[in-house]
Ligand code: G6P
Ligand code: ZN
């Protein structure tokens, strides 16, 4: 590239646009909002201006997204703005695609962790398409979401912005072609600088990382077993290319195991959120729908649009995310090579059930309780306090990256299944159960025969866990699209009840408060993180407003009740909805949900 061919940097006048405050996980708005003139540019310039100039200059950044509508043009814009703001190189996943955990992996590991940070273009599990949602968030050099200090500074900049810089349109690359393109950029002050865009394989770095975590041989052995059927649903999100490469090409699962694995700009018109309501194809395949399929796989999983969330299902069986992380923690040391030395500690978000706490207690490790939002785990991990964490909102992950990781969670579960099939764990829960409930099948009697031993079902693994640790019955009610004023009133009403009421029906309130968190690493304080009612029997009822919606308010109501192992199988294995009904009624009474919102039923129950 010679100086004559240099791309010129333009300076563009702009003015602040209201409402660019990032939420729980970046700035998420309707596509039509993002299509307003200067909207994306303002936010990106505000981010560059919030970063230290000397660090940004000549740095390497990652820019990619989940493939939703607007991803490619937005990547192109950010690349041109990066060039204009003195960035040296941008890595883009092929097709503009990288899953959220893969961005984290690329930042942390590619070329020895060369990247300074990255922009992720996603609205996660929200629908996509011209009339749906788009989003952008910035991740730092630890591979994790920007801390509040930085997102606040970005927001402040958006309220004062007057101008931005962008390289001329001639700075263009074909995002579908792997390889590096060099540019010479002429800045406003007349100086020249080098700039490169490298389109990278979207799976490679992430796969390399996973290979160092799991035993790919034993996973492959499991997935190739003729008597083991597995189904993965990418919900037309970015998980598709990862699933094809990892499950099929690397581990040998048949192609027919994959559902919806071609990424689409509108997620095929669906809502790419892996839960029992939206992951329809998977739910039906696993026999949890109205019709029973002829053959039901033993294991099913789905990821959300940007592949950081996961849902785990067994044959006709749903694993709650709160149980999922607890069970992974229970087996981590035995079943996952990365954890062979044990866990440093574990963490969960406050509304997530305390199932994880019980495992931590048994293993003699610390369990941290943080506010909702993955970013709170990052500090604990950077400080080596926590190796594994999870949230009720279908997020599970470990310190291999600084995002939750959907495919990682699927491989964790497959590792547990492979481990159980190897029969090498000396436990006698099957016998214990036989004593309580003769006739109930628990298949852990397999001999030590590699992963070709007897398969243990997901349901049995979960039931064995409850028999050992007790069960935290759990449900979440979501009231979506509530008018903001009404939602605020619900929260105010609940706060008003605190201190005033000591008992509802036969539930005695032990403690009622608003959750506040002091980060043990940096001492920062986060207030108003959810209204809690803690009852004397260990039950909990929690309310908070969602921080991820793009319009209106969503009220979330979390209900949890603990049953100890000695209660016996009948109580432990009861239907969750039925078992929790009395406590749900208490929650509805406390919040005056029906009166204040006019909603008789929640939009979604998980
Ligand atoms: C995102 C974050 C999660 C968080 C979730 C909460 O997915 O990455 O860490 O749990 O949002 O969403 P909510 O809508 O409840 O604020
Ligand atoms: Zn997501």
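Cβ atoms here come from the backbone N, Cα and C positions, even for glycine.
Model, not experiment: these values are computed from the prediction.
Among residues of the same chain six or more beyond the compositional bias 'Basic and acidic residues' (8-18), those with a C-beta under 8 A of the stretch's C-beta atoms are 36, 38-39, 41-42, 45, 83-84, 158-168, 185-188. If you look up TrEMBL, you'll see 8-18 marked as compositional bias 'Basic and acidic residues'.
Residue counts for the domain 'Alpha-D-phosphohexomutase alpha/beta/alpha' (20-164) under DSSP, helix first, then strand, then coil, are 61 helix, 33 strand, 51 coil. Positions annotated as domain 'Alpha-D-phosphohexomutase alpha/beta/alpha' by TrEMBL: 20-164 (among others).
TrEMBL lists 210-313 (among others) with the feature domain 'Alpha-D-phosphohexomutase alpha/beta/alpha'.
The average pLDDT the prediction assigns to the domain 'Alpha-D-phosphohexomutase alpha/beta/alpha' (324-421) is 96. If you look up TrEMBL, you'll see 324-421 (among others) marked as domain 'Alpha-D-phosphohexomutase alpha/beta/alpha'.
Annotation source TrEMBL lists region 'Disordered' at 1-24.
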